[in-house]
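Taken from TrEMBL as is:
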BINDING   G18, L19, D20, G21, A22, G23, K24, T25, G68  GTP binding site
BINDING   T25, T44  Mg(2+) binding site
Amino acid sequence: MISGGLEKWESLSLLVIGLDGAGKTTLVKRLNNIDEGQEYYASTSFLNIEKFTLQNKNRPCVIYDLSGQGRYRKSWRDFYAEADGIFFIVDSTDTERLSIVQEMLIQISEDPILEGSHIPFLIIFNKINHPDALSSKEIVNFIEFNDIKFRNQTLTWGVEDADFATGYKVTECLDFFESNFRIITPEEEFLMREKEAQI
Ligand SMILES: Nc1nc2c(ncn2[C@@H]2O[C@H](COP(=O)(O)OP(=O)(O)OP(=O)(O)O)[C@@H](O)[C@H]2O)c(=O)[nH]1
Ligand SMILES: [Mg+2]
């Protein structure tokens, strides 16, 4: 049965965060190349909003590309509640700031706004083709990813390496989002309410 809930399906929100210089805007630019004719309708120094279309299901998506500069990082959380998925981009060559990356990820995994949330949260090790890049395995170990995952056990965590400058693994990153985002349909909501009433 087609439900009224489909309206919400029409546009998904993808939040892209990570330290300054990680490659967030590069990803957004690349998405626009992939999907020509995208309308650009807002950009400020803190927030760059673009539209693109998820290829597999032809579903429109709004991407929120936030600035990663220190003074803006506290404002990332203002966008968590509305996000259908989050990409956290890491510069794999920026070994000196991996401890800051770890700190930011710990904060996110403990953030009450994301408590109980099931949205996909993909950590992307970008610039992987650069000669100075650490391997994804090395970064996973350094940031103690298992410990981070343990702090929030409902989010749909994932890791991926990528190289947005060349387009390597862009599709895989989007596939992770597309396969794991989840919107509760009115039918599911109805069933959940029924279950609650029975308890
Ligand atoms: N070698 C290499 N360089 C990349 C890659 N992705 C991005 N860059 C470069 O890294 C620099 C920073 O990229 P941006 O996309 O502007 O970084 P950002 O995450 O948007 O940074 P802020 O907006 O400051 O938070 C640019 O010079 C990019 O060209 C990559 O995969 N490989
Ligand atoms: Mg940027």
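Including glycine, each Cβ sits where the backbone N, Cα and C put it.
Known features from TrEMBL, placed on the structure.
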| residue | record | Cβ neighbours (10 Å) |
| --- | --- | --- |
| G18 | GTP binding site | 26 |
| D20 | GTP binding site | 14 |
| A22 | GTP binding site | 26 |
| K24 | GTP binding site | 26 |
| T25 | Mg(2+) binding site | 19 |
| G68 | GTP binding site | 22 |
Within the set D20, K24, T25, G68, which binding-site residues show a CB-to-ligand 2 distance under 6 A?
K24, T25
Give the maximum pairwise CA distance in Å, whole number, for the residues G18, L19, D20, G21, A22, G23, K24, T25, G68 listed as binding GTP.
12
Pairwise Cα distance for T25 (Mg(2+) binding site)/G68 (GTP binding site) [Å, integer]:
10
